[in-house]
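Database features (TrEMBL):
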TRANSMEM  C:12-36  transmembrane segment
TRANSMEM  C:42-59  transmembrane segment
TRANSMEM  C:66-92  transmembrane segment
TRANSMEM  C:98-116  transmembrane segment
TRANSMEM  C:128-146  transmembrane segment
TRANSMEM  C:152-172  transmembrane segment
TRANSMEM  C:179-197  transmembrane segment
TRANSMEM  C:237-254  transmembrane segment
TRANSMEM  C:288-311  transmembrane segment
TRANSMEM  C:317-347  transmembrane segment
TRANSMEM  C:359-375  transmembrane segment
Amino acid sequence: MTTPLLKLSGLGIRFGGLVALDAVDLTVAPSTITCIIGPNGAGKSTLFNLITGIYRPTSGTVALQGDPITGLPAHRIAARGIARTFQSSRLFEDLSILDNVIIGMHGRTRTDVLTALLRPAKSRRELEACAAEAETILRGISDELFARRYQPAGILPQADRRRLEIARALASHPKLILLDEPSSGMDDRDTAALMADIRRVMADNPGLSFLIIEHDMRLVAELPDNVVVIDYGKKIAEGDFATVRQLPRVQQAYLGQKAVEHA
Amino acid sequence: MESLILQHLLNWLVLGSIYALVALGFSLLFGLLNVIHFSHGDVSMIAPFVALGSLQAIFGITGGAMGVLPILAALAIAILVTGLIGIGADKLVISRFRRSPAMMALVATVALGTVIRELIRGFYPQGSNPKAFPAIAQGFLEIGPLRLPAQPVLIVGTTVLVVALMYGLMQKTPIGTRIRAVAEDAATARLMGITPSRIFAFTFFLASAAGALGALFFASHAGVVRFDFGVQLGLIGFSAAVIGGLGSMTGAILGALAIAGIESIVQANIADGASYRLVFAFLLVILMLCLRPSGLLGKPVFEKV
Amino acid sequence: MSTTLTNIHSRTTLPASLIVAATEIGGAILLGAFLLAESTPLVVALLAVMGALFAAMQYRPQIEEVIVAAFHDARGLATALAVAIVLIYPFFLGGNTYALHLLIVSLLYSVLALALNFQLGSANIPNFATGATYGIGAYTSALLAIHLGWSFWATLPAAAIVATVFGFLLGIPSMRTRDSYLALVTIAFGIVIHQMLNNLSWTGGPNGLVGIPAPSLLGHSFMRPIELFGFRLPSQANFYYLSAALLGLAILSAKRLHESRVGLAWNAIRADELAAKCQGINVVWYKILAFGVDAFLAAFAGTIYAFYISYISPDNFTFLVSVTIMTMVIVGGMDNTLGVILGAFLLTMLPEKLRVFSDYRLLFVSVVVILFLILRPKGLFPQRQRHYGGQR
Ligand SMILES: Nc1ncnc2c1ncn2[C@@H]1O[C@H](COP(=O)(O)OP(=O)(O)OP(=O)(O)O)[C@@H](O)[C@H]1O
Ligand SMILES: [Mg+2]
């Protein structure tokens, strides 16, 4: 068996008294899509924050292709090949759409201050190459975004913001992309396009895997190879969607949620 | 020997009281608005000038010994006027930066501070000269075996009282609850029928009045006041609030005592200490912030990601 | 928006070179008139002209777009003409040493403001200690020159290195503190430096250092007038050219860093620090770097200032100096080189030119700053988007 792309063992974190995530084990194989579902406040985004180094786990380990990355600073983890989007999108609002994508390439470009100051041609060439690639990425994601590439990212509507975040994530040539509720704020057509995009990107980049937090059950039913259910910080189920959704404890987790929402 | 220690102790408490009164204003306003009101020191320093002006205008007193009543009246007028000027500063300038980046509000209030200083310098009679400021209490108090100078005791005592009142106000009264509600979440507070603009006005009054009292004490403790004293007082008050943890009243007081402590110790123990007291005070600030980035009692901010 | 841009382009009938020449020469004439204006009504009238120009730009943003487009299309001409204007400028000031002095100080403050802009404008890091690093540069070079007899040219890099070390030191707390807390660290640092300069004996205490020897280049002492083609420029002209060269260097550095991965990383940190981290940006390092770059440039300015005035004291490097530099950046326009320079020129010259209002000029300038922040919050010239591939 090949080494898994991502392996979480006993991963957990507590905020004061609150155990937000408790001993989660998870393995992601290369070239796969894993969906994470669970009620609000279950700890899904927290899991992403632990993997990407935003939070330091209080227990457990994270390994990328067998190398431990637990507790590394966020920028080092990003440079190792994990890219992500955020639940409430975090774009560089006042920068152009194109610059947003180019910044995604930071981890694999090299110009430092001295190069920029003393060898401007080299620095410029690197940036121009990035710009050209960023345009290709944008065009692949959406013609609309490409056409507006010199406008500030802050003016984009919700669905486009999600797309741009994905484009920025792709720009780093990651091995693993984490998407936090990518379809929120999208209508049916947008969501269908999103799924098509994800499949196309997978086809274009052999080995690339996705870890996706989703609430839209159509997407969860169609897209992933593997579904993981989290409730109250614990992994309560894992498998393909058809199996997982039959499990009583999963239904309970969601029904509890619905009952609360209806109350 | 003993009296020397006592003297240093009193000096520490007096400085601590003055700084605390100014720091409380920074903390209150930051807690409420997330804005640093950099002209707070200059606004506060208006008070001694108002006091001097009213002593002269109302009682015709220009110096020398004077009764208790004129002094009390002058202090009260000064505090009231300064509080109102605080509201004016907000309405005219600070409120316009509620939605701007923090740095803009900072620069705007720095400029506002200059405006205030220059107004005093230009329009107060001989405004650029230092002005003698009367002591608010003279003589000594005999407490048991101790013989204490009256003014420091008065300053410390009044400060303790005022601080206690402010705590009571914030914790126990409806207006305090409302201030805390707006500080927590202005939008929700508005839904609950609270008018944030009124809360802002009240808090600016409170902060400026407390600062005014601090500045008045400062002036009578030093015996002199000048148009630009507010810069340093503001910087120290701000530092106290920050090392205590912005937004925390208790933190502001602890910070004030810490800075005053360093100053007193340096002044008492190092030859030439007086000239280095600011160096040590601000080195303490740097050290504190490196060790505890959100101050002594400040809550570390967690971003929801 | 992109369509309107092309529209403007096709609608402009004037050739780019003409627009460039008109803008640069017009700007130079306006500046000259302002520098030489003696009477208050004239100063006020010139200010009104400037105000009108900015009002026009506020209501017709296309004007700015057209000019920027022209400068882009005729880059070579723009640079050549600018250099030429800078070179011949002193000849038009008719030996007015006060005007030259104002120009030198404005140029040095432009450098300081550009230095701060790397932090404040590019990366949104508050730094209230630019005045202190400026002072460290000035004192380092002055001490080396007075006590060890170093020449100006040798002290220049030495001062820059010393100040940069201090800059990095100052940057270290930025690893853990942010925003208001970081602002206070820099304020405290500035005050500590100022107080030390004020109290130490070897820095001359409050009296500062006197008798800093004038620099010389190829046997030409900077104390002496420049004589060229039968023209005679006052000795200040030496320092004018030196400061202009430094500003040129600062502009070039700003441009190169802005148009590189480094500038992008700073901008990313400004917009969203956490998201920047997740793009692989080492936020701590880039912040410290910004402090270092700021100190490096500020030290150059400090060295030139020390040798120009030949006398420095702690009062040249106070907290309020730092605040003034900060105001220049914000009033001029964060992360816009031209805006920052304009902000520096205006805020240096305005108080000087308003000397008639003697007692009220600082008041006036502060009121203007507040009004500015309210009315044109993005500064005289707001930041602009980068363009790639020869596009605009
Ligand atoms: N920095 C933090 N400090 C304290 N508590 C936190 C922090 N981050 C998350 N939590 C808590 O951890 C729990 C899990 O939050 P998380 O955001 O991971 O939920 P989620 O599954 O992503 O929910 P949603 O579907 O609403 O996005 C919540 O109770 C949340 O309040
Ligand atoms: Mg979430």
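Using the three backbone atoms N, Cα and C, a Cβ is placed for every residue, glycine included.
Remember, TrEMBL labels are computer predictions, not curated facts.
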Long-range environment of the transmembrane segment (C:42-59) - Cβ separation under 8 angstroms, sequence gap at least 6: 30, 33-34, 353-354, 376, 380
For the transmembrane segment (C:288-311), could you work out the same-chain residues 6 or more beyond its ends whose Cβ comes under 8 Å from its Cβ atoms? 104, 108-109, 111-112, 114-116, 118-119, 122-123, 125, 127, 130, 133-142, 145, 152, 155-156, 159-160, 162-164, 166-168, 170-172, 174-175, 208-215, 222, 239, 242-243, 246, 249-250, 253, 257, 262, 266
Which sequence-distant residues neighbour the transmembrane segment (C:317-347)? Criterion: at least 6 residues beyond either end, Cβ under 8 Å. 31, 106, 109-110, 112-114, 116-117, 120-122, 127-132, 134-135, 138, 187, 190-191, 193-194, 197, 247, 251, 254-255, 258, 267, 365, 369, 372-373, 378-384
Mind checking which residues reach the transmembrane segment (C:12-36)? Cβ under 8 Å, same chain, six or more beyond either end. 42-43, 46, 49-50, 66-67, 69-71, 73-74, 77-78, 81-82, 85, 89, 92-94, 96, 99, 102-103, 345, 349, 353
Under 8 angstroms, Cβ to Cβ: which one of C:66-92, C:98-116, C:128-146, C:152-172, C:359-375 has the largest number of such pairs with the transmembrane segment (C:237-254)? C:98-116
Go through the chain and flag residues at least 6 beyond the ends of the transmembrane segment (C:98-116) whose CB is under 8 A from any CB in it; none is fine as an answer. 35-36, 89-90, 127, 130, 134, 234, 236-237, 239-240, 243-244, 246-247, 250-251, 254, 293-298, 300-301, 304-305, 308, 324-326, 328-329, 332, 337, 340-341, 343-345, 347-349, 352
Using a Cβ cut-off under 8 Å, which residues of the same chain at least 6 positions beyond either end of the transmembrane segment (C:128-146) come close to it? 112, 115-116, 152, 154-156, 158-160, 162-163, 166-167, 170, 183, 186-187, 189-190, 193-194, 197, 202-203, 209, 211-213, 294-295, 298-303, 305-307, 312, 314, 316-326
